[in-house]
Amino acid sequence: MSSRCKRCLNSFSEMNLKLKIAIIVIGFIHVSIAIARKSTDGVAHHRLVRLHTILITSTAMLSASYYIWKRVNFAITKLFKTLKSENELPIANSNESESDFAMNTLLPSPNPVGNRRLRLICFQDIAQALMMLFLFLSHIAMFFYYIFLGPEPNVIAITSLSFIAAYAHILIFLLIADVLFYSTKLIHSKVAPNSVHTYLKENRCYHILLALILGFIFMFAGLYTTHTDPIVRSASIPMKRFQSNSGNVSIALLSDVHIGPSVGRTRIAKIVELTNALKPDIIAIAGDLADGLVRDFHGAAEPLCNLKAPGGVYFATGNHEYMHGNVTEWFWFLENCNITVLHNLNKHITVNGQKLCVAGADDLYALRSNVPGHGMDLRKALGTCNSDSTNILLAHQPNAAKIVLSDSELSKKVNLILSGHTHGGQMYPFVPIVHLANAFVRGQYYDKSTDTYVYVSAGVNYFGPPIKMFGSCEIIFITMTQ
């Protein structure tokens with residue numbers, strides 16, 4: 001047995017009994033759900049996946065919350081200790097007992113210094129209580145995908161989900177502060193006294209409070225973005241297969257609508273209004289329509305039935321249709337709204353004299369979702385798209401676009417790929433991760449070797465926290481030109 005394994009066993013044996021039992025129970029629950037996920041499919045499978053995701057997130061957040069609480073509580077305690085020391089009362093005179101002096105210190109009195117000290121004690125308790133409430137609401141955020149669901153977001157749900165964004169930013173800023181503190185401490189111990197570390201040590205509580213304040217600033221800035229209208233971003237893409245004696249074709253691209261606990265009917269109605277005002281020839285919904293079941297969010301989704309385009313409204317699945325709802329029920333809902341579902345299918349249309357083949361493939365995640373009959377099949381989706389038409393593919397994840405471009409046969413069939421999924425990162429700290437995980441991140445791309453364009457939308461909405469970077473809630477208006 002390695003020395004690392006021995007250390008782990010020794011650490012476990014040193015834990016108290018209650019902690020050992022808690023770890024064993026949590027481990028047993030995770031293993032049981034993981035086994036159950038392998039043996040189920042369809043709706044039962046996605047419900048287990050959601051439950052397991054919540055448990056994994058909650059388990060990870062316990063450690064993160066302990067870390068945040070220790071740091072912030074240290075800063076609050078030190079700050080109020082400093083303030084109280086500045087308001088200390090004179091030492092009791094010889095004619096006053098210690099108990100009388102203590103009573104006079106704590107009880108309101110004509111002495112303004114004593115009253116200030118009492119108020120500081122109360123403010124410290126209030127600050128600590130508010131921090132505990134913040135952590136609690138952050139922990140229960142994921143449960144609002146199951147409770148208080150309806151046509152419009154619940155106020156408590158919006159607050160809790162917003163706090164998740166502040167929580168993530170605070171955690172990251174605290175980690176950055178600690179990396180700076182301990183790295184300078186290491187240098188300080190090996191070389192001459194380090195003025196940087198001395199400064200960080202003396203002002204550590206203020207840097208922790210700064211991390212807290214910055215977290216909430218980013219949260220409120222993100223709330224402003226998601227509570228204003230999505231911007232319309234225009235793009236012009238030349239199509240070599242277009243007939244010179246015919247007109248241009250416009251497409252309104254909507255991706256990542258994410259109808260759910262933080263996106264309701266009012267928001268969807270506004271998106272529909274803005275989209276219809278563009279008078280597009282085609283409307284494409286490139287996945288991640290909803291984060292729940294039709295029975296919970298049909299009221300919020302109903303305005304989608306008002307989308308109008310002469311060339312039709314088309315939909316292809318994203319990963320969230322498989323993770324958060326019954327995808328078949330959403331297909332029925334959309335078809336009843338005269339929205340064409342492209343379930344590894346294509347449709348031939350003629351718009352403004354131009355021949356088009358609009359295709360849609362199931363999301364990359366579909367196969368892993370264990371939903372019978374679902375899985376990305378690009379050959380089937382593009383099967384009847386011919387070389388004499390301009391072929392458009394709806395593929396939610398940009399990595400699906402990469403698969404198409406890497407295939408010599410498929411790439412000949414596609415002229416334009418429309419994707420979403422990335423949210424452009426959604427929040428600033430996640431931008432590097434999105435760039436690492438996706439072949440394309442945001443905006444217009446051109447692959448010269450295949451003469452194919454890819455457009456990735458940052459999404460019209462957001463997932464989970466109603467927080468997004470400035471200018472990243474967008475409706476894409478593409479004009480395909482000759």
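Any Cβ shown, glycine's included, is placed from N, Cα and C.
According to Swiss-Prot, the features are:
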BINDING   ASP256, HIS258, ASP288, HIS423  divalent metal cation 1 binding site
BINDING   ASP288, ASN319, HIS421  divalent metal cation 2 binding site
TRANSMEM  15-35  transmembrane segment
TRANSMEM  129-149  transmembrane segment
TRANSMEM  156-176  transmembrane segment
TRANSMEM  205-225  transmembrane segment
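Feature map: Swiss-Prot annotations on the structure.
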| residue | record | CB count, 10 Å |
| --- | --- | --- |
| ASP256 | divalent metal cation 1 binding site | 28 |
| HIS258 | divalent metal cation 1 binding site | 25 |
| ASP288 | divalent metal cation 1 binding site | 28 |
| ASN319 | divalent metal cation 2 binding site | 18 |
| HIS421 | divalent metal cation 2 binding site | 30 |
| HIS423 | divalent metal cation 1 binding site | 26 |
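Counting same-chain residues at least six beyond the ends of the transmembrane segment (156-176), those with a Cβ under 8 angstroms from any Cβ of the stretch are 61, 64, 67-68, 71, 134-135, 137-138, 140-141, 144, 148, 208, 210-212, 214-216, 218-219, 222-223, 261-262, 427, 429, 464-467. Sequence-ordered, the extra residues of this chain that approach the divalent metal cation 1 site, with Cβ no more than 8 Å from the Cβ center of ASP256, HIS258, ASP288, HIS423, are SER255, VAL257, GLY287, GLY318, HIS320, GLY420, HIS421, GLY459, VAL460, ASN461, TYR462, PHE463.
In the three-state DSSP scheme, ASP256 (divalent metal cation 1 binding site) is classed as coil. Within 8 Å of the centroid defined by the CB atoms of ASP288, ASN319, HIS421, the record's divalent metal cation 2 site, lie the Cβ atoms of SER255, ASP256, GLY287, GLY318, HIS320, ASP363, TYR365, HIS396, GLN397, GLY420, excluding the listed residues themselves. Tertiary neighbourhood of the transmembrane segment (205-225): same-chain residues 71-72, 74-75, 78-79, 162-163, 165-170, 173-174, 176-177, 181, 427-428, 465-473, selected by CB-CB distance under 8 Å and a gap of 6+ residues from either end. A Cα-Cα distance of 11 Å separates ASN319 (divalent metal cation 2 binding site) from HIS258 (divalent metal cation 1 binding site).
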